[in-house]
């Protein structure tokens with residue numbers, strides 16, 4: 001009995017250091033509990049002392065629960081055994097396991113201990129240590145991975161941006177090279193005097209706009225000589241030049257010498273052989289003859305694709321070489337507009353030159369306006385035709401590069417579709433059939449009654465000459481009379497007859513004396529006033545005083561005031577039709593004398609008989625004449 005009290009204090013002393021180890025566990029002194037942990041197994045042989053020793057440490061028992069409260073997982077481990085001290089020891093071991101430093105003691109205990117109490121502490125420590133350590137490592141790894149992912153994303157974005165910039169630069173350079181190679185500067189010299197006086201640099205800069213604009217307009221064309229845009233060329237065809245657009249493809253003829261810069265593009269349309277056009281027109285029979293005039297004969301044809309065309313055979317002896325002819329046709333073939341007849345192709349065979357146009361099925365304005373036994377054309381239809389023709393001419397004068405002067409505006413060259421929409425034909429033919437050696441040709445360009453005064457005096461034609469001819473055509477639509485009519489005296493033309501009537505009508509607003517009697521007053525006075533004002537401004541003697549075609553378009557549409565065309569001069573004033581000074585005014589007497597002179601020259605060299613064929617697209621200039629003047633003595 002005496003030995004038991006002596007042995008009890010040592011157990012208390014050995015057990016007493018364990019609570020301080022709990023308090024010191026927070027100060028990272030976990031090695032203290034590890035040496036006494038083997039002592040309980042030594043006194044494990046007697047199970048009685050532990051129950052006696054439970055009473056003294058009772059006041060210190062709350063400390064382990066505090067540590068166990070911080071880590072609730074150890075009670076579940078300690079609760080698995082029946083030994084209270086073993087559970088406390090396990091609880092004492094768990095607080096050090098909360099931090100990273102306690103892990104080495106747990107390993108040393110696992111190495112030194114063979115007791116039963118140490119494995120729970122070790123296992124508890126190992127279980128509690130692993131999650132924090134794994135959590136710490138995973139947290140560090142997650143931060144590293146996020147930084148790596150961010151760097152990868154930034155690198156990809158920067159690389160993509162640089163790639164896009166490089167692609168844009170390459171595309172811009174290729175596009176610039178393509179433009180430079182596809183649109184060379186036009187020929188220098190006087191070869192393009194017919195096409196306005198554009199600067200070569202401006203023409204080369206504006207050429208792409210014209211090219212793009214013409215493509216868009218071609219898609220809108222519906223009523224041409226056979227319908228919409230150009231048809232695919234009939235087989236067999238010559239090898240193409242390989243340009244990007246199938247609609248602008250054509251052969252490069254190897255038999256020719258090296259072409260000039262303007263011909264380097266190749267021809268835009270199709271080339272036809274004489275046999276192909278002969279088969280299309282039935283051998284150029286009279287049954288397919290649409291008309292004839294100063295430029296030659298016009299036959300209707302059908303291509304193997306089923307497309308209807310109008311084949312115009314130009315008369316021989318124009319004085320132009322083959323290369324020059326191709327250059328001029330190349331320019332004309334690029335022109336596409338809703339109110340212009342498009343060129344489909346051409347043919348050169350043993351000096352014979354033919355042009356292939358779209359076929360317009362509803363004949364000409366001349367036919368419907370002056371034909372016999374035909375219904376009277378309504379005034380609204382006349383206004384629509386006048387507006388369409390004005391838009392087509394405005395495109396030739398102001399939107400084409402180089403600009404194109406028609407030179408032969410007249411009612412016979414205004415073709416109509418079944419909706420009575422106007423389409424201007426034969427633009428550029430005056431250049432194709434003129435002598436290329438001199439600007440002023442002995443052959444009369446234009447049509448009597450439509451010629452501008454400056455052409456009669458100087459032999460030169462400009463855009464304002466086309467405006468004058470358009471004004472004469474407006475008078476035809478207003479009055480229903482021809483430019484040179486049998487009902488008018490020989491020395492008076494439609495212009496001379498209408499000038500005083502227009503002045504009075506614009507002053508008092510009464511157009512009955514001027515308007516076509518067949519209309520019987522069925523017209524809109526405001527629309528009639530617009531047409532009369534445009535006609536009066538267009539036929540002024542001075543070309544400088546005539547408006548542009550774009551101004552006429554806006555005036556006919558009612559978008560601008562009519563006073564803008566009068567330039568501040570009252571409509572009834574004589575200066576509206578003349579120049580500012582009497583000395584510079586080209587007198588009507590001189591004009592009539594020059595017209596007689598030109599008529600004599602033209603009639604003396606007449607090669608084609610006057611034709612009244614209804615379907616012609618370009619009647620001869622002399623078709624409008626009523627009488628032949630007395631030959632000069």
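Backbone N, Cα and C define each Cβ position, glycine as well.
Noted in Swiss-Prot for the protein shown:
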- 1-145: region 'Disordered' (REGION)
- 12: N-linked glycosylation site (CARBOHYD)
- 24: N-linked glycosylation site (CARBOHYD)
- 66: N-linked glycosylation site (CARBOHYD)
- 173-633: topological domain 'Cytoplasmic' (TOPO_DOM)
- 193-255: region 'Disordered' (REGION)
- 273: phosphothreonine (MOD_RES)
- 357: phosphotyrosine (MOD_RES)
- 441: phosphoserine (MOD_RES)
- 442: phosphothreonine (MOD_RES)
- 447: phosphothreonine (MOD_RES)
- 455: phosphotyrosine (MOD_RES)
- 608-633: region 'Disordered' (REGION)
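Closest to residue 455 (phosphotyrosine) by Cα-Cα distance, out of the modified residues 273, 357, 447, is 447. Take the modified residues 273, 447: by the count of other Cβ atoms within 10 Å of each Cβ, the lowest one is 273.
Taking all protein chains in view, 24 other C-beta atoms sit within 10 angstroms of the C-beta of residue 455 (phosphotyrosine).
DSSP assigns residue 455 (phosphotyrosine) to a helical segment in the three-state reduction. According to DSSP, residue 357 (phosphotyrosine) sits within a strand segment.
A Cα-Cα distance of 15 Å separates residue 357 (phosphotyrosine) from residue 273 (phosphothreonine). A straight line from the CA of residue 447 (phosphothreonine) to the CA of residue 273 (phosphothreonine) spans 32 Å. Taken as a whole, the topological domain 'Cytoplasmic' (173-633) shows an average pLDDT of 71 in this prediction.
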